[in-house]
Amino acid sequence: MKKLYSALMTAFNDDGSIDEAGIREMVRYNIDVNKVDGLYVGGSTGENFNMNHDQKKRVFEIAIDEAKDQVDLIAQVGSLDLNESKELAKFVTDLGYPKISAVTPFYYNYTFEEIKHYYNEILKGVDNKLLIYSIPALTGVSLSMEQFGELFENPKIIGIKYTNADFYLLERVRNTFPDKLILSGFDEMLLPALALGVDGAIGSTYNLNAKRAKAEMIAFDEGNIEKARQLQKESNDLITALIKNDIYPSLKLVFNEMGVHAGVTKEPMAKPTPEMRAGAEKIYNDYLK
Ligand SMILES: CC(=O)N[C@H](C=O)[C@@H](O)[C@H](O)[C@H](O)CO
Ligand SMILES: CC(=O)C(=O)O
């Protein structure tokens with residue numbers, strides 16, 4: 001069975017502090033209503049790169065305290081401060097996270113040797129398994145098939161969160177490393193990713209759209225491609241509307257619309273405008289009610 005993970009959001013108050021109760025509500029909604037198989041904590045959707053060190057730790061604590069062992073949990077610990085990444089990797093492992101993940105180091109044009117050193121350092125002395133978080137559109141880092149292979153020489157590196165529209169590379173990686181865990185990261189391209197044999201998906205929009213995505217995975221597994229295509233079309237109508245309305249604030253606004261306290265995004269991300277609020281209300285009424 002393929003696995004579906006929501007990328008957990010972080011509920012913030014207006015002043016950028018963490019709204020603990022809101023995070024707990026979103027964890028509960030994902031487990032109890034969405035019935036996801038797991039949560040990806042501290043990713044892009046979680047605004048991890050907008051947070052300070054203590055906030056990152058606090059989110060990791062709250063998420064596992066609320067989820068306990070009811071779903072699989074992956075903690076994203078990647079940071080431009082390698083010492084911080086190493087500390088967070090130990091911290092979440094001690095908290096009981098069964099998997100970690102780390103984004104490729106970004107901003108500076110790191111060499112592949114530097115990237116490899118980063119991953120191996122994060123895992124040194126940490127008894128856990130890691131998924132490489134590959135998201136070239138945001139990091140500027142595109143790893144090749146050979147480079148993934150070289151990273152996989154570390155047996156603790158078990159797979160990839162693959163947020164990349166390069167499906168030729170996805171096919172090559174899938175078939176070269178049949179035992180690795182590949183989780184697809186672009187929600188709007190779930191169906192082609194399933195066609196290439198991914199093991200599941202992690203995404204921001206599953207916070208709102210998990211049921212449709214799960215139904216699409218089942219339809220695909222049953223060979224009902226027409227139904228899977230129809231579900232992907234419906235999902236993409238929703239995803240397109242979310243992107244047009246500014247996706248991160250909008251995901252939260254729609255949650256708030258449904259009575260789940262998601263708070264607001266953290267600056268420098270945009271605070272909701274009246275137009276965004278109206279847009280989110282329309283998205284809720286058009287696609288989710
Ligand atoms: C940058 C980002 O948020 N990526 C997410 C996962 O990797 C996706 O879930 C996208 O938000 C989603 O596919 C919409 O483009
Ligand atoms: C999967 C994704 O959306 C994230 O990194 O948050």
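From the backbone N, Cα and C atoms, a Cβ is placed for every residue, glycine too.
Sequence annotations record features per position, and here TrEMBL assigns aceneuramate binding site to SER44, THR45, THR163, GLY185, ASP187, GLU188, SER204. DSSP classifies SER204 (aceneuramate binding site) as coil under the three-state reduction.
The Cβ of ILE202 (pyruvate binding site) has 28 neighbouring Cβ atoms from other residues within 10 Å, across all protein chains displayed. Look at TrEMBL and you will find THR45, ILE202 tagged as pyruvate binding site.
Residues annotated as active site, proton donor/acceptor in TrEMBL: TYR133. DSSP gives TYR133 (active site, proton donor/acceptor) a strand state. In sequence order, GLY43, GLN76, GLY78, SER101, ALA102, VAL103, THR104, ILE160, LYS161, THR163 are the residues near TYR133 (active site, proton donor/acceptor), counting only same-chain partners six or more apart with C-beta under 8 A.
According to TrEMBL, the feature active site, proton donor maps to TYR133.
The active site, schiff-base intermediate with substrate annotation in TrEMBL covers LYS161.
For the aceneuramate site, whose annotated binding residues are SER44, THR45, THR163, GLY185, ASP187, GLU188, SER204, the maximal Cα to Cα separation is 16 Å. Within 10 Å of its Cβ, the residue among the binding-site residues ASP187, GLU188 with the fewest other Cβ atoms is GLU188. Taking a Cβ cut-off of under 6 Å from any atom of ligand 1, the recorded positions TYR133, LYS161, GLY185 reduce to GLY185.
In this structure, the binding-site residues SER44, THR45, THR163, SER204 were compared by how many other Cβ atoms lie within 10 Å of their Cβ, and the smallest count belongs to SER44.
Cβ proximity to the aceneuramate site centre (mean Cβ of SER44, THR45, THR163, GLY185, ASP187, GLU188, SER204, cutoff 8 Å) flags the following additional same-chain residues: ALA7, PHE186, ILE202, GLY203, THR205.
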